[in-house]
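Here's the structure we're looking at; comments come further down.
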């Protein structure tokens with residue numbers, strides 16, 4: 001069962017992994033502390049969302065259905081990533097069009113990372129609700145804290161790797177900050193669209 005939850009954690013972290021690559025690529029002032037902050041925040045949200053889903057379902061005497069969450073989670077993620085990705089592209093294009101001016105390298109933005117963390121973890125609410133069924137049927141002895149801890153830790157490691165990869169890729173665009181920022185924005189839009197399509201199918 002622990003292996004199954006680990007694999008759930010890996011699958012849940014894939015969107016966060018892609019976004020973290022964008023962060024590593026676009027934030028030109030990243031260091032170990034800021035990269036670690038991104039990983040920890042993404043991991044914290046990925047751990048918190050299943051807990052929220054679990055305790056909401058528990059408080060409602062298990063009357064909640066995962067389909068309720070499934071109706072809106074993809075829309076929230078899509079809108080948040082659309083906003084962040086769109087803003088990155090617009091800002092880069094506007095600055096690139098200014099004659100004789102060099103684009104200011106994008107700096108680490110904690111508020112932006114928080115929004116990304118919410119957008120990439122909101123689908124984990126439904127996972128928390130599904131954990132209720134395991135406990136009610138007595139098919140697991142591991143606590144909910146243990147399960148969500150595994151999911152959070154898995155995300156931290158995967159996102160840390162994503163930031164590192166993105167940082168290496170970003171160095172290839174060191175003199176072309178605008179292009180890196182536009183590419184990062186396009187990737188965020190693509191992830192948001194992917195989440196939306198998966199939610200609607």
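Placed from the backbone N, Cα and C atoms, the Cβ positions cover glycine too.
TrEMBL lists 6-26, 38-60, 72-90, 110-132, 144-166, 178-197 with the feature transmembrane segment.
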Practice prompt. Please figure out which one of 6-26, 72-90, 144-166, 178-197 racks up the most CB pairs under 8 Å against the transmembrane segment (38-60).
Written response: 144-166
Discussion item. Suppose I define contact as three or more CB-CB distances under 8 A, residues 6 or more apart in sequence; do the transmembrane segment (144-166) and the transmembrane segment (110-132) meet it?
Written reply: yes
